[in-house]
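What TrEMBL annotates here:
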TRANSMEM  B:68-88  transmembrane segment
TRANSMEM  B:95-112  transmembrane segment
TRANSMEM  B:118-141  transmembrane segment
TRANSMEM  B:150-172  transmembrane segment
TRANSMEM  B:203-221  transmembrane segment
TRANSMEM  B:250-268  transmembrane segment
TRANSMEM  B:274-296  transmembrane segment
TRANSMEM  B:303-324  transmembrane segment
TRANSMEM  B:330-349  transmembrane segment
Amino acid sequence: MDLSAINPVILIASLMVAATPILLAAIGELVVEKSGVLNLGVEGMMITGAICGFAAAVETGSPALGFLAAMIGGAALSMIFGLLTQFLMSNQVATGLALTLFGLGLSALIGQGYVGLKPPATDRLDLGPLSDIPVLGRMVFSHDIVIYASLVLVLVVWLFLRHSRAGLILRAVGENHEAAHALGYKVVRIRLMAIAFGGAMAGLGGAYLSLVRVPQWTEGMTSGAGWIALAIVVFASWRAGRVLLGAYLFGGVAVLQLNLQAAGIAVPVELLSASPYLVTILVLVIISADRSRAAVAAPGSLGRVFHASS
Amino acid sequence: MIALEKRPTPSRAWSAAAPLLAVALTMVAGAALFAALGTDPLAAIRTIFWDPLFNEQFASYSRPQLLVKAGPLILIAIGLSLGFRAGVWNIGAEGQYIMGAICGAGVALALYPMDAWFVFPTMVLAGALGGWAWAMIPAILKTRFRTNEILVSLLLVYVAEQILASMSLGLMRNPEGGGFPGSRNLQQYPAAANPELVAGTGMHWGVVAGFVAVIAAYILLNRHMLGFQIRLAGQSPRAARFAGVDPNRLVMICLGISGALAGLAGMFEVAGPAGQISIDFNVGYGFTAIIVAFLGRLHPVGILLAGLLMALTYIGGELAQFMLGLPAAAIQAFQGMLLFFLLGLDVLSNFRVRLGRRKVT
Amino acid sequence: MTPLLKVDGLGKVYPGVVANDRVSFDIAEGEVHALLGENGAGKSTLVKMIYGLVKPDSGHMTLRGVPYAPAEPRAARAAGVAMVFQHFSLFDALSVAENIALGMENPPPMGQLAGRIRAVSETYGLPLAPERLVGDLSAGERQRVEIIRCLLQDPRLLIMDEPTSVLTPQEAEILFATLRKLAANGTAILYISHKLEEIRALCDRATILRLGKVVASCNPREKTAAELAEMMVGTKLATPQRAASETGDVVLEVRGLSLPSPNPFGTSLRDISFSVKSGEVLGIGGVAGNGQDELLAALSGESAASAGAVRLKGQPIGDLGPGSRRRIAVLAAPEERLGHAAAPDMSLTENALLTAAIREGLAARGFLRWPAARAFAEKVIETFDVRTPGPGNAARSLSGGNLQKFVIGREVLQRPEVLVVNQPTWGVDAAAAAAIRQALLNLAADGAAVVVISQDLDELIEISDRFAALNEGRLAPPRPTRGLSLEEIGLMMGGAHDMEVAHAAV
C-alpha cells in the first residue's frame, strides 16, 4: 500500500471532473422537481446524452457540437416523458422507470458502431495567468469550459429560483398546481419546459462522462450516476447550493476510492467500488431521518398528476 | 381540439384492451425502428414473434426457452406487482435476485458434495431469505427514517453486483476451475440441481413456483383482507389509514414478499439454467420484470401472459440477432417502447377522449 | 346607466349535469350583489365563467357595455375582475408577498410590494406581515392574503366565494366593514353564499339560483330568511325533529389530550378535555384549520395518543388504532369524503368493507365475504336513500350529498356507542343535509354519544345539546347550546383574533 501516491492537487482536480456529470444532471432534475414533476428517467437521459454527444463529437470532430447534440438528445428523450405524464397523465414513477429502461436500450443501439473509438479531446479553457498560480492553478484553473459552465449554472439556477418572477411561478406550480392553475398559470406548459431543461442537463452530464471523464463509449457507462443525481436532489433539500455540495461530496468519494484502489489499500476492491452507492444511501438516510426538514423542503405537488378539470 | 374527460368509473374494457393495443403499436413502431436500422421490418417481426414458436428449424430449441425465461420474470413481477399496487416502489429486484442466487448457491457450495434430500429445499429457503433480507434494507430505512425506497433499492443493485463479482472471483470460485472466475456448476451436483422436470418443455421448479405465485397472488388480491388493504393503500393512502391499515406494515410485507420472490427466482436460476455464480450471472430479469408487471396491469393473470410475451421477445431477439444481425440492444429499446405505449394508453381507461372544438361564444 | 357587468343567457353543460342554464343578471358599480343558492345550484360554475376559468357553452357578457369574454383569469384580472376563492389559491411554502406577487400581472419589486401590502392592509383594517410563510397563517389571515392580492389591483368587480365560511362571527363583521368601504368607493362586489342572515345584512340585491337556473331576483333586505330559504331550496324544509332525549352516563371522556401535529403546517392539539354522555350530541365549532382534522384523527385512532387521554366508559383507549376502536363501537367519519372517508376509485361494496369489516363480520379469518359486504352496502344504500345504480359503482361517481349519506350511513348502521363526525353536511344539498342531521339525532336518541365537529354554526345550534369551540388546537369548555348567542359562540371561537385592534386603529 502506498498512500503517498495520492496527490491532493490531482485529487481535487479530478474530483471536480468526477462530480460534474452528476452536478449537471442533479441541477436539471432540481428544476424539474421544483416544478412538481418527479422524473426518474435521469439515468436514461444521461446515457442517451452520453452516446448522442459521443457520436456527434466523433462524427464532426467537435466536442462543442457533441455537447450540443447531447443536450438535444436528452431533451428529446425527456419530451417522451413530458408527453406521457403531462398530456396523457401517466404515473410519473412508472414513466420515469420506462424512460430509463428505454434510454439504456436506445443508447446501446446507437452506440454499436462507436465502441472502442476515441473522442476528440475537449480543450482546457485558457484562463491565462490564473492557470499558472502554483497548486491552485492546477487544482481549479486548468479545467475545460463545461466545468466552469456547470458552476455558473448552479448560480444561475439559484438566482432564477430565488429572485426571478419566472422562478417564482415555477415554484408556485410545483407547490400547488391547482392554485397556480386557478391564477391562470399554464401548469402543463411550464412543467414541459422544466422537463426539457432537466433532459438537456442530464444529456450534457452524460456527454461529459463519455467525452471527458472516461473518455470513451461503453454500454451502460453511466452505471447509476443518474440515480445518484436523483438522490443528491433529495440530499440537497431542493436547494441549488446544496446540490453543488452533494455532487462534490460524491465526486470526492468516487475519486478517493479509485485512488485507494490504485494505492492497493487492504480493503476489498469490490467494497471500494460499492462505496459511492453506500455513501449515497447513508446520506439519504441521514437527510430523511430529519423529519421536519424533509417534509417542508419537498415541493407540495411533487409527483402528483395534474388534470385541469375546470 | 382534443379534450380529456374523467370517467366516473374506470373502464374495464379499455383496461383490458390497452395492453393488446400497446403490443400492436409497439410492433408498428418497432418495425419502423428496425427499418431505420436497415433490417427488413417484416422479417424482424416474424423472427421475433413467430419463429421461436413455430419455425421448425428453431422451435425445438426455443420453445422450452419460453418457460425458462418466463419463469423468473413472472415470479419477480408477481412480487413487484403487490408493492406497485400498494404504492411501494421496489425497483431493486435485480439486486434481490442476485442475493437470492448467492445465498442459494452458497448453501449448495457449503454442503458440496453431500448427497441428501434436504440440500435443495435448504437452498430454496436460503434463496428466499437472501432476497428478503436484501429487500428489508430499503424497507427498514423507509419505515424507520422515511428514506425513499426507490433510490435505496435501486442503488443496492450496484452493491449486489459488486458482491456478485467478489463472490465469483473469491469465496465461491470453483477450486477446480483452473483459476477462472465463477463457481462450481450446480447442474453437475444432483442434490442441488434444479433440472428440467419434463424433457423438452423448459419446465423447472422456478417455473412451478411462478405458477403457484400467480394463483396465490390472485387469491390474495381478490379474496383476502391483506390484498384488499394493499389495493386500498395504493389507491387512497389516507383512506387506508382511516380503515386501520398500518402503512409501515404494508411496506415491510410488500418489500418482503417481492424480495423473497426475486431471491427465489435467482436461486432457481443459479441452480438450473445458469448453473453457476459468475460475474455476468444477472441479465436484467429484475428490471424487465417491472415492464412485465405493468404490461400485465399488475394483475396476476395479466402478468402470466405478459411474462410469456416478454420471454418471447427475449428469445426472438436472440434469434433476430443470430439470423438478421439485429443488435441485442434493439430488443431492450423495443421493450421500453412497449411500456411507453402502455402507459400512454392507460389514459383511456380513466379518461374519455372528446374530439372537436368546444363551442365558445 | 349601463351596469358594470351584464350576464346574458350564460350556459354550461358538463357530462350528465347542466351546471348553468341561460343565466342572466347584472351588477351596478358600487353594488353588493348576492348570488344565492344551495350546493350544486351552479354558483361556482357561474363565477368561474366570469373569472375566465371556465368557458361558457352559450350566452355572452358585457363589462361596462363592452363585450367581455375572458379567455383566462389573466384577461379577467386585466379587465378589472378579481376573485377570492373559497378554497384558497395559495401556496403554503411561499411567503405572503410572493403569494401576492403571483396574483398580479406586473408586480413591483419585492421590497416595494411589501410596502404596498402594508399600506393596503392598514387602509382596510386587514393586518398582514408580508414576509411570513402562508402555511403558518390562520384561515382568516389566509383569506386576508387573497383579499389584499385582489385589492392591490384596484378591481372594478370583486367576486367573493363563501368568504365567511372560514371566519368567526366577529371576523365576518370586520370583513363586512371592509366590503362596505370598498362598495362605497365604487367597487362592485359579487358575494356568493348560502348564509341568509349575512346576505340580508350586507347585500343590496340578490340573484337566486336553483339547479343552474335563475329562479328569482330580489332585495334581500325586504325578505325574511325563511322566504329566501324557500326560494333557494324550492320547497319548505322540515327542520330535524329531536325527541326529548334522556342523557345517560358518560360514555366518551377526553382528558388532557395533547398531540403534536404530524405535518409542518398542521395544528397541534393542546390539552383538550371534554366528555360526552350517552344520548347526547356535543357540537364542536371553530374556524377551519384550528385542529378539527387532528381531533378527529385522535378520536378515530388514526393518530395514537397516550392511552389515558381518551376513555370509553372509563377504559383507556387513546393508544388503540382505528380497527381496535371499531371493535369496541367507537366509530368516526372524517371530513374529506373522497380519499379519506372513502376510496374514490373503489366500488361502494369495497368502501363498505373499508370500515365495516370488523363489526359486520365481512371477513372470516382474513378471507373476505363479498356477498355479505355487498349486502351491507345495499343496506346502507337503501336505508339512507343513496341515489346510485348499485353497490358496484365507484364512490367518485356519486354526488357529494349521496356519498356523504353513504359514509354517514355506513357508520350509523354499525350501531356505534360513540360516533365522531367532522363536517357531516359540508358541500351537501339541503335535503341530504337534513337527512344526515336527522340520522345523527336519531342515533343519539337511541343512546349513542355523538360528537359533531363542524364549521357550520347554524348546524351545531340546531342539533347539539352542548357546544364547545376549537381555537388554535385548544378547546373552550363545553356549554349548553340552548341560550347561547351567536356573539358568545363567536367569542368562544376566538373572537376576532388580532383583527379587532387593527380595525379600531383605522
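The chain as shown is numbered from 1 upward.
Cβ atoms are placed via backbone N, Cα and C, with glycine included.
Count of Cβ pairs under 8 Å against the transmembrane segment (B:330-349): among B:118-141, B:150-172, B:303-324, the largest is for B:303-324.
Only residues 6 or more beyond the boundaries of the transmembrane segment (B:303-324), in the same chain, are considered here, and those with a CB under 8 A from a CB of the stretch are 19, 23, 39-40, 43-44, 47-49, 51-53, 58, 62, 65-70, 73-74, 77-78, 81, 210-211, 214, 288, 291-293, 295-296, 330-331, 334-335.
In terms of C-beta pairs under 8 Å, the stretch of B:68-88, B:118-141, B:150-172 lying closest in packing to the transmembrane segment (B:274-296) is B:68-88. Here the transmembrane segment (B:68-88) has long-range neighbours at 97, 149, 202, 204, 206-207, 209-211, 213-214, 217, 220-221, 230-231, 233-234, 237, 250-251, 254-255, 257-262, 264-266, 268-269, 272-273, 285-286, 288-290, 292-294, 296, 298-300, 303-304, 306-308, 310-311, 314-315, meaning same-chain residues at least 6 beyond its ends whose C-beta is under 8 angstroms from one of its own. Beyond the transmembrane segment (B:203-221), the same-chain residues lying 6 or more positions past its ends with a Cβ under 8 Å from any Cβ of the stretch are 67-68, 70-72, 74-75, 78-79, 81-82, 85, 124, 194-197, 227, 230-231, 261, 264-265, 268-269, 272-273, 299-301, 303-304, 307.
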